[in-house]
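**Student:** After the structure tokens below, expect a handful of questions from me.
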Amino acid sequence: MAGLQLAPHLPVGVMFPHNKTEAPGLHSAKHDPYEQSDSSQRPSMGHLRNSFQSKLWSNTEMEQEDEVSTRPKRNVCTKARRHSCPHSAGIRQQGSGNNAQGQGKGLFYLSSPTPRYPKANDQDFIPFRRKRVGVDRAYPLKPMVHRKSHSTSDAGADGDQNGYPRLPDSSEFSDNSFGLRSWVNSSLLASVQAEKVVAELHRTEWTQIQRLEAAGESLQKEIRRKEILLQEKLKKTEEGLRRMQKEKKQAIFQEDRELQRMVLPRRRVRDGDHDTPHKPCLSPEFRSEVFSRNRGEDQTCDQAQENPSPRQLSDYELQKLKRERLMASNSKIRDQDAGPSADAFFQPAEELGSTLQESSRSGTPGSSGSSSSTEEPELAKCSHCGRSFLSLRLQRHSTVCGKMQGSKRKVFDSSRARAKGTELEQYLNWRGPATAKAETPPPPRKSTWRQKHESFIRTLRHARQVQQVIARGGNPSDLPSILPADNPDYVQCPHCSRHFAPKVAERHIPKCKTIKNRPPPPRRHDS
């Protein structure tokens with residue numbers, strides 16, 4: 001009796017069913033002994049049913065408020081309650097079995113208009129038996145059952161033995177709902193944290209992508225900037241090269257023009273020094289034509305550089321003739337004594353003027369058709385040097401070239417020039433023939449390096465043998481004498497029959513001669 005506790009007093013003697021549809025099937029008129037009781041107790045049963053329904057509805061409203069807040073929470077709560085409250089399948093089987101055996105246990109279930117929870121076990125309901133008239137309606141003591149140990153099979157056994165299944169307590173609903181709320185909150189927090197982590201990962205990836213794109217754009221800008229700089233440098237170098245080429249062409253053209261201007265006045269001065277027949281070297285027509293051409297050179301400089309014309313060729317021939325004439329005049333001044341007469345060097349003015357006029361007319365713009373048909377001047381080779389010259393210039397060149405080929409230049413001796421006017425000059429004049437003989441190179445000698453090498457090896461071997469004999473304590477004179485070296489370069493002295501090197505022999509032979517030819521010393525007479 002210590003483990004028992006009093007059950008709450010109910011004013012009604014009949015237990016209400018959970019579902020009205022199941023109540024007729026659970027008990028029949030045959031097995032229920034209290035079926036013929038009076039109908040005065042029915043209003044009390046309705047009152048009990050309404051009070052219990054209101055209690056259940058208060059619990060369900062509290063849970064509905066939580067379900068409205070989060071939709072997934074409702075599904076989780078329903079699943080948890082289904083696991084916590086066993087189904088009513090075992091109850092139905094047990095009720096039908098009890099009715100078949102005739103035990104008279106009337107199990108009724110509370111019916112609700114919209115049932116939201118699964119049917120409870122037999123232990124969650126209180127069976128009620130109608131009491132007879134005049135008997136106390138106090139309920140017997142209800143046995144204590146642990147919440148975690150009850151199951152469907154235990155509930156069926158307890159229902160058969162005691163017949164007092166307990167009602168569902170409101171604390172169980174509150175405890176289950178609190179655990180479910182905490183579990184749902186933890187799951188929601190975990191999902192929210194996972195979403196935050198995923199969002200942060202996406203954010204970091206996006207920032208990295210943006211940084212890479214920015215770096216790529218900066219690299220492209222840098223590459224474009226460097227390309228622009230290289231193009232500018234290339235343009236500058238091209239412009240510099242073009243400017244240098246243009247300046248070079250202009251410098252060459254200016255040099256040619258200055259040469260023409262220098263040659264003409266010299267020619268006039270040189271013609272003035274000669275006799276009157278040679279004075280008119282150039283005709284007045286040719287002079288006027290040359291001066292007019294020099295004036296128009298500045299205007300036609302660019303056109304001549306881009307489009308070479310036959311006139312340039314004629315100018316080049318004219319410049320070549322003038323250079324040769326200038327060189328010939330310089331050589332004539334050097335060789336005034338041995339040179340031929342002026343009539344042999346210079347042709348008459350009429351012939352030279354006619355040749356120059358023909359060459360200049362071939363280069364005029366009006367005679368473009370005739371310049372193509374003009375014949376090239378004949379060239380002849382020199383018999384001395386083999387070079388080719390114009391037939392007009394070949395005679396003069398041959399005379400000068402023959403003189404240069406036949407003459408031999410004297411080698412300048414700076415030592416004699418420094419010694420001139422001093423006492424050293426007499427010594428050099430006295431020593432002149434000997435030095436001339438010494439200056440003649442000696443004939444080449446045949447190489448005898450192999451014979452020298454073999455003689456050197458023989459000498460080393462003989463020296464090694466002598467060292468070995470001395471180490472043993474013997475006499476080195478017992479060894480055979482070494483053969484003399486056959487060196488053809490050495491010179492034998494005629495007085496002592498020894499061989500010496502050439503330079504050493506030159507010093508030794510006179511001394512040995514005096515020593516050998518010296519008379520013997522006088523004998524000493526002993527007293």
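From the backbone N, Cα and C atoms, a Cβ is placed for every residue, glycine too.
Annotations for this protein, taken from Swiss-Prot, read as follows:
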- Cys382, Cys385, His397, Cys401: Zn(2+) 1 binding site (BINDING)
- Cys493, Cys496, His508, Cys512: Zn(2+) 2 binding site (BINDING)
- 207-254: coiled coil (COILED)
- 50-61: compositional bias 'Polar residues' (COMPBIAS)
- 71-85: compositional bias 'Basic residues' (COMPBIAS)
- 93-102: compositional bias 'Low complexity' (COMPBIAS)
- 286-298: compositional bias 'Basic and acidic residues' (COMPBIAS)
- 301-312: compositional bias 'Polar residues' (COMPBIAS)
- 358-374: compositional bias 'Low complexity' (COMPBIAS)
- 18-105: region 'Disordered' (REGION)
- 145-170: region 'Disordered' (REGION)
- 264-316: region 'Disordered' (REGION)
- 352-379: region 'Disordered' (REGION)
- 507-527: region 'Disordered' (REGION)
- 378-407: zinc finger (ZN_FING)
- 489-518: zinc finger (ZN_FING)
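Neighbours and distances for these, please.
**Tutor:** When secondary structure is read from DSSP and collapsed to three states, Cys401 (Zn(2+) 1 binding site) falls in the helix class. The 10 Å shell around the Cβ of Cys401 (Zn(2+) 1 binding site) contains 18 further Cβ atoms across the protein chains shown.
According to DSSP, His508 (Zn(2+) 2 binding site) sits within a helical segment. Sequence-distant contacts of His508 (Zn(2+) 2 binding site), defined as residues of its own chain at least six apart whose C-beta falls under 8 angstroms from its C-beta, comprise Cys493, Arg498, Phe500.
The average pLDDT computed over the coiled coil (207-254) stands at 92.
If one looks beyond the region 'Disordered' (507-527) by at least 6 residues along the same chain, the residues whose Cβ comes under 8 Å of a Cβ in the stretch are 493-496, 498, 500.
In terms of DSSP helix, strand and coil, the zinc finger (378-407) has 16 helix, 6 strand, 8 coil.
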**Student:** For the C-alpha pair, I'd like the distance in angstrom between Cys382 (Zn(2+) 1 binding site) and Cys512 (Zn(2+) 2 binding site), rounded off.
**Tutor:** 64
**Student:** May I ask for the distance between Cys496 (Zn(2+) 2 binding site) and Cys385 (Zn(2+) 1 binding site), taken between their Cα atoms and rounded to an integer number of Å?
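**Tutor:** Rounded to the nearest whole number, the Cα-Cα distance is 60 Å.
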**Student:** Which ones in the same chain are close to Cys512 (Zn(2+) 2 binding site), with CB under 8 Å and 6+ residues apart in sequence?
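**Tutor:** Cys512 (Zn(2+) 2 binding site) has long-range Cβ partners Cys493, His495, Cys496.
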